[in-house]
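Here is the structure we will look at.
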C-alpha cells in the first residue's frame, strides 16, 4: 500500500509501517534530517563501495555534519564493488574496523549501494553486538525493487549464494530515484529482470505496461548522461511507476509472509534455476541476467508440466528480450562474458539442491499458470527429471505410446501464414487482431525487425494469445542498426523487399539485414537480382548471393515488369508480391527459368493479400505472370492464423507409426497450406485411415509395423513434409521414392543429405536423387541402435527423428533439443503430455569428445601479393613445400592459358588493358574454383585493377588469407633495375612501389617482411614459424599449457637490429620473447614490422607483441587509441604468436583486435603500478572479467608492498582457475613481489642479465626462477647418467652439468660405467631419474628395458637417449628411447653450409664404414634428401644387410672400386660421413675408392663439399687430411658429440640452450 504526503515523498507500508520512502532527490537533506529525527544515534556508520564513494559520500558528509553538529558522528567505510566482496572475509574486516572505532549497540549503519552492499551490511547489522539498527539506501534498480526490501540479509559461501544470513528488517528504505541517473546501462537492465519478475507473478496490467514501455526506457537509459539529470527525464513517471509497483508488491508479500512460510517464495520466480546459473557464472554474469534466463527456463518447465500456455512463455520471453536481457545461455553476450563457459546439468541440479525453498531433497520451483498469476500461492515441488529435460541440450526418447491412444493436438500457428500476416499487417492501414500467431524465433525476429523499421506498433491481449497490430500504411523508415534475423530464412527473404519501401532518415539511407552463420550461406541471389533490375541498390557485405545485404531506402521500387527466377524458393516470389502494391507503378511479375517451386505457397500469398484488400490477377495466357495493382493494404478487424500444416505432420505421423489416432482440429481440406495434403497424399497410401473435413484432419495408423512404402510420391506441393515422410518410409515395407524437393537442400541445412546420414545411423539405406530421396524401409524391430542424432540446428530434422524414436527398438538420443523452438517450442511437451512418451534430458556427449581436438586451422587457399622482385615466387615455393599444396604462379598460368608471354600480350592490340582484363578473369576463376588447398603467387601489378582489389579484400574478409611479401625497398629496386625478363615499368620504380603500397596493404590481411637477402631453396625457420601461425597449425600455445613452468623474456631494446648479437643468448630458457613496441626508437609502421621480422629470425622462438601505455608502466601515450590500433594490427598482420592487449583500451579497439586476430593468441592484460587494487578483495574482478571476454590468456600485474600480498594473489588465482580454465599470468611487481614470479608457472615474464634494463621492477631471469623453485621444493632435482663402457674420458658430464648450471636447473649428470644392460634397470625406474645418454655397447641392449622407441631409433636400430615422459592426463611415467646421433650429424652438416636436397636439386651422399654409427649416418643423409647414398666398406655382406634393412626409397648403393666411382660420375657425393675408427689405417681398397671419390672435380664452385668425421680422436684424422687435400671442408667428430648432446638436453628439459655453450663445454681446451 502506498501513500503520499502532498508534495513529499511517496511511502510504502511494510509490516505495518511506512518505512519505504520513494522519490527523486531525497538522499542529502531528506535522509539526513529523517535519520537524525526518527532514528537517533550517537554513531552513524555509512558503508558503501569504491565506485560510489566519491560521487555520493562527501556531499552527504557535509550535509550531515552541518545538521548533526556535535550530537552525532558519521563514520565511513568503503569496500570493493561486486559479488566477490560479499563473503566472510569482508564481513569480518568491517566488524573489526567498527570495533576499533568503538561502535556500540546504539550504532545505526547506513548501507549505500546495490544488492551486495545491502545484503552483506544488513547481515553485519544483524550480528554486530547481537543486532544494531540499519537503513537501506539502494542505488541500483535491482536493489530498489528487490533486495533492499524484506530484511533478508546474507553473505555468499563457496557452496552458493546467500546461504549464511539472517532476517533483519531495516528501519528505513530510502529509494532515491536520482541514483538511477548515473547507473550504468547494464546495471539498469539487470534490475529490470526483477521488475519483470514481479509483474509476471502478480500483475498482468503492469506486465503489459512493461511491454509497451520497453523502447522508451531503453532509449532513455542509452542516452548520454548530463549534469542536469535530463537523461531519464522522459521516463521519470514510468520509472516511478515501475519502482512503486515492484516495491509495493514485494512489501505486500513480505508483510503477509515475513519469514518465507510459502507466499514469499513467489518472489523467487526465476531464481531457482537462475541462482544455479549464477553460482556457476558469477561474477561474469549479473544476478538479473541469470534470473532472466531462469525465468524463461522456469516458464518452459511450467509449459512442459502442462500448467502454462505456450503463448505465455513466448510473451514472457519476448518481454525479457525487449529489455535486452538474455533469454538463454546461447545469448552471444553471455557467451562472450563467460568465454563460453559450460553449465553442466548435473552441476545445476546440485546447485538447485541447495535452496532454502526446498523440502528436503524435493526441489521447489515457482510455476506460472498465466502472465500475472502463479500455479500455486507458493513454490511447487517438481521432480528432477522434468527439470533436467528443460535444462538439457539433448533429449533421450524412450520408445512406446499407450495402445488405443486417441488425442487431439493443436499445433502452433503456421509459420508461413504468421510471417505473411505480420508483413501485411505492418504495411497495412489500421488495426488488426491476429489470433493463433506462431510464437517462435522466426516470428520474434520478424516482429523485432518491423518495430525497428517503425512500420507498426503492436501489443498483446488475452494473455498473449492475440497480437494487436496497428499499421502505418507502408510508411517505413530505414534502420541505423542492422536487422538481425538469426536463421529465419522466411523473414530474411520477405524483409529484403520490404526494406526497399523504407524512406531514408537523417541518420541513414539504407538498411542492413544479417543473420547467423548458417543464414550467411543460404541463397538470396535471385531476389536481389530482381530488385536490382528494378532500380533498388542492394549490396552484398560478405558472401555473394547471401546475407548480410545492405538495401538502399528508396521509398519503394520502380515497378513495371519484374523478372524473377522462382525455381529455388517460392519465398522470393511472395516477397516481391507483398511489397509490389507500394511500387511507383503497377507491377507485372514474370517467373522465369522453369516451373516455379512450391506453387501452393505463392497461391497462399495471393489469397492472404486479398484478405488485406489487394487483389492479384494471374495472367490468362501465361500462368507464371502476375499483375499486381498499386494500392495499400487495409487491415481486417481480425485475422486468424491456422495451425502450421508442416508441424501438424509430426503428431499425425506419431499416430501413423504407432497405430494410434490423432486429430488436428483446425486444418482441413480448405487450408491455404500445401502441407495440409500430407495426410491424404502420403499417410493414406501408406496404410493409414484418414478422415478430413473442411477444417479438421484425423489419422489412425495401421497396426504397428504395417506401414506400406509408396513407390513414388511427388512432394513438391509440400516440400517441408518430406522429412516426416522419410522417417515413416524408414519402417515401411518396401522402397519409397520422394521427388520434387530439390529446394530442401538450401533450407536450414541440406535436409536431403541430413536425412540420408541420420537414417543410416538406424541402419536404413537411402539414396539421394537429383530432386529427392529414395528410402528403403526395414522392419522396425531390426533398426540399429543409433549414435546420437545430430539435428543440424534444424527444427524439422529434430521433430522428424522424434517420430521415428517412439517406435525404434532402442532409446534414441536427439541432440540440439531446443532447435524445435523455431516453429514449435513446445513440441517435446506435446510428445510427453499428449502421447505419454517418456523423455529424459541429457548433456551432449559429442562435446566431450571433440573439445580437445577442436584446435582451429584453415585449408583456405593463400594468395601472395607484393611488388615484383619482393620474393613472392620464393615465398610461394616455401609455402608450397611446407603446406604440401600446389603452387600456381598466376603470371605463368596466364601465359599458359593465353598461349603468349605477358610482354607479347601487352605488345599486341590488347595492350595493357587487355592484359589486366585477362589477369582479373584468371583471379576470379581461381577464387571461385580453387579457394581451398592452393598457394597462388599474384602478379605485382594486379592491385592496379580496382575490381581485383575488391576480390582480394572480399576473399580475406571472408576467412581467406592474402599475404603481402615485402623486403627492403632498396633491395627490390636494385633487383628490378637488373631484371630484363619482365615488361619495363613506364615510370620510376620507386614511385610505382609507393603508389601500390597502400593497395597491397588494403588487400592483404598478413604480411611477411623478409630479413633475408637471397631466395634460398629451403624455407628459413622464421618463415616456417610465421606460416604455422597464419595457417593455424602452430601448437605452441598447447605446448606451453602442458608445461609446468614456462617463460617469456621481455626484450627492452630500442632497436632489434642493434641487439642481434645478444638476442640468441637472451632467449635461452624462455618459451617466447616479448617485443616491447612502446620502447622502440620509432613507431613508424614499416620500422615496427621490420623489428618483428628481425626478432623472429634472430630469436627463433614465438613473439609476444606488447604495447604498454604510460599508466600501466610503459611509454606509449594513454589516449592515442588510433595509433595503438594501427600498431596492434601490424602485430596481427605480421603473424605474431601472442599479442598483449590492454583492457583499458576502448571497446572499439578491443573488438577490432579480437575480431581480426586470426590465429594469434590474445594476452588480455591489466597492470596496476600505482597499487590501487588489492588481491584480497574483489578489486581485480572487473579486470579479470573483461580479460576473460577478450583474451586467450589473462595477465594481471599488481604491486606488492609485503610478501603476504603474494599469498593473496595465489588465493585469487586459484579461485579464478576453479571457475574458468583460461590460463592466468598473475604477478606482483616490486622486490616483495618476486615470490609471485617464482610461483606463477604459466608464461612468466623474465629478464636476462645481458639486457640493458628490466621491463618491470622485481623481474627475475628464468635461471633465477628455476633456482628459487628448486629451493622451495617446486622443482625437484633429477639425476642424469651416461651408460656404457669405456666412458671415463667422456665430455658429456661437462656438457650437461654446465648447461644445467647456466639455465638454473638443479639436476646432476654423472657416469655409470657398465657393459651390462641389466645393471641400469633399477636406475632408470627410480623416482629421481631424469634421463640418460647411452653409448657402446648398450645402444641395442637397452631397448628391451624401455616402454617405447622413436621411429628414428627404430630405423637406426640403436638408442642413445632415454627420456622419461608422462602422457597427458596420466601420472604414470614411461621411458622412451630416441637417437640424437643422426640429429647431431644433420645439425653439424647444416652448420657447414649443407642444404637439404630437393627433387629439383638432387645430390648423392656417402657413408664410410659398416659399423653401428653407419645406420645413423644413412638416416641423417636420407633426412637431408640425399639419393643415392653410397656406402664404402670392407664387408659387402654387411653393406647389403644395412641396405636391406632400410626402405627402397633410401636408394643405398655400394661403391667397391675406383672404376665404379668413375662410372657414377653423375651421382658422386658432395657429402661424406665417416664412421670408421681413426686410430687404425684405412683399408687399402676402401682408400682407393675414397681417393677417387674425394678427388673427383666439383660440379659447382658454389656448392660446398663436406666430410663429417665421426671419430673423436685424434681430433684431426687421416681421412680428414685426405679430404682437405682434395679441397673438401671437414668437420671433426667432437662437433657431432656437442650437437647430439645439445639435442639430448632439449629432449630432457624442454630448454634450448645456446649451441655455442654446449660446444664450448665439449671442446674444452682442445681448441
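Using N, Cα and C of the backbone, Cβ positions are placed for all residues, glycine too.
These come from Swiss-Prot:
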REGION    1-384  region '3-dehydroquinate synthase'
BINDING   49-51, 83-86, 114-116, 119, 139-140, 161, 179-182, 190  NAD(+) binding site
BINDING   130, 146, 152, 162, 194-197, 250, 264-268, 271, 287, 356  7-phospho-2-dehydro-3-deoxy-D-arabino-heptonate binding site
BINDING   194, 271, 287  Zn(2+) binding site
ACT_SITE  260  active site, proton acceptor
ACT_SITE  275  active site, proton acceptor
REGION    397-837  region 'EPSP synthase'
ACT_SITE  819  active site, for EPSP synthase activity
REGION    859-1050  region 'Shikimate kinase'
BINDING   866, 867, 868, 869, 870, 871, 872, 873  ATP binding site
ACT_SITE  1167  active site, proton acceptor
ACT_SITE  1195  active site, schiff-base intermediate with substrate
REGION    1277-1567  region 'Shikimate dehydrogenase'
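Known features from Swiss-Prot, placed on the structure.
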{"residue": "116", "record": "NAD(+) binding site", "Cβ contacts under 8 Å, 6 or more apart": "49, 81, 82, 83, 85, 86"}
{"residue": "140", "record": "NAD(+) binding site", "Cβ contacts under 8 Å, 6 or more apart": "113, 114, 115, 179, 183, 187, 188, 190, 191"}
{"residue": "162", "record": "7-phospho-2-dehydro-3-deoxy-D-arabino-heptonate binding site", "Cβ contacts under 8 Å, 6 or more apart": "119, 152, 154, 155, 156"}
{"residue": "819", "record": "active site, for EPSP synthase activity", "Cβ contacts under 8 Å, 6 or more apart": "791, 793, 794, 795, 797, 798"}
{"residue": "866", "record": "ATP binding site", "Cβ contacts under 8 Å, 6 or more apart": "872, 940, 964, 965, 966, 1000"}
{"residue": "1167", "record": "active site, proton acceptor", "Cβ contacts under 8 Å, 6 or more apart": "1108, 1112, 1113, 1142, 1197, 1229"}
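Sequence-distant contacts of residue 260 (active site, proton acceptor), defined as residues of its own chain at least six apart whose C-beta falls under 8 angstroms from its C-beta, comprise 356, 357.
Between the candidate binding-site residues, 190, 873, the densest Cβ environment within 10 Å is the one around 190. Cβ neighbour count within 10 Å across all protein chains ranks 871 highest among the binding-site residues 869, 871. DSSP classifies the residue listed as 'active site, schiff-base intermediate with substrate' as strand under the three-state reduction. Neighbour counts of Cβ atoms within 10 Å were taken for the binding-site residues 83, 194; the minimum is at 83. Other residues of the chain with a Cβ within 8 Å of the Cβ centroid of 194, 271, 287, the Zn(2+) site, are 142, 146, 147, 193, 197, 270, 274, 275, 288, 290, 291, 294. Distance noted between the C-alpha atoms of residue 873 (ATP binding site) and the residue listed as 'active site, schiff-base intermediate with substrate' is 40 Å. Just so you know, the Cβ of residue 271 (Zn(2+) binding site) picks up 25 other Cβ atoms within 10 Å once every protein chain is counted. Ranking the binding-site residues 130, 264, 287, 871 by Cα distance from residue 194 (Zn(2+) binding site) puts 287 first. When Cα-Cα distances from residue 871 (ATP binding site) are compared across the recorded positions 130, 275, 1195, the shortest belongs to 1195. Looking only at the region 'EPSP synthase' (397-837), the predicted model's pLDDT averages out at 93. By the criterion of other Cβ atoms within 10 Å of the residue's own Cβ, the least surrounded of the recorded positions 130, 264, 275, 868, 872 is 130. Considering only the recorded positions 180, 196, 275, 1195, the residue whose Cα is spatially closest to the Cα of residue 868 (ATP binding site) is 1195. Comparing C-alpha positions, residue 196 (7-phospho-2-dehydro-3-deoxy-D-arabino-heptonate binding site) sits nearest to 271 among the recorded positions 180, 271, 275, 870, 1195. In this structure, the CA atom of residue 271 (Zn(2+) binding site) is 63 Å away from the CA atom of residue 870 (ATP binding site). Around residue 180 (NAD(+) binding site), the C-beta neighbours below 8 angstroms that are at least 6 residues distant in the chain are 141, 188, 232, 239.
Here residue 287 (7-phospho-2-dehydro-3-deoxy-D-arabino-heptonate binding site) is compared against the recorded positions 869, 870, 1195, and the shortest C-alpha distance is to 1195. Note: residue 1195 (active site, schiff-base intermediate with substrate) has non-local neighbours 1140, 1163, 1164, 1165, 1166, 1187, 1224, 1225, 1226, i.e. same-chain residues 6+ apart with C-beta under 8 A of its own C-beta. Residue 162 (7-phospho-2-dehydro-3-deoxy-D-arabino-heptonate binding site) carries a strand DSSP state (E or B). The C-beta environment of residue 267 (7-phospho-2-dehydro-3-deoxy-D-arabino-heptonate binding site), restricted to residues of the same chain at least 6 apart in sequence and closer than 8 Å, consists of 146, 150, 197, 198, 201, 250, 253. The separation of residue 275 (active site, proton acceptor) from residue 869 (ATP binding site), Cα to Cα, is 64 Å.
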